[in-house]
Amino acid sequence: MVGVRLVFTNAFVVTVLLTLLLDVVVKPAEGQSSCSLSSRPHPRGICGSNLAGFRAFICSNQNSPSMVKRDAETGWLLPETMVKRNAETDLDDPLRNIKLSSESALTYLTKRQRTTNLVCECCFNYCTPDVVRKYCY
């Protein structure tokens, strides 16, 4: 009877340890959210104009400037900043004759750092006002 009890106890301990280990491995760190291209909005997440309004409300209570939405019509490329290419002047470009192998060219590319943003933290995950306050500036 003691032998059976000991086996059951060991199996129980192993099961508990594996469960705890898997629970620790799967959970993201406290206060950090992760998003990917396949992420979907959280059932209690705040998205779109609701998120912008929530952020403006939280930040206005901290005497911080509210977020200004970028005008889609003007965008970032203003007509006066665009330059039409000229075939004659492009021939004088000192970088024109630089040739690199694919391997060499790829060494100049760096992997983007994975960062979380307000949409990731509050739309695709559940967030609190304290999380939103981190995005007040």
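Numbers here mean position along the shown chain, with the first residue as 1.
Any Cβ shown, glycine's included, is placed from N, Cα and C.
Candidates Q62, Q113 were compared with Swiss-Prot; the annotation pyrrolidone carboxylic acid appears at Q113.
Record source Swiss-Prot places C122 in a disulfide bond whose other cysteine, from C127, C136, is C127.
In this structure, the disulfide-bonded residues C122, C127 were compared by how many other Cβ atoms lie within 10 Å of their Cβ, and the smallest count belongs to C127.
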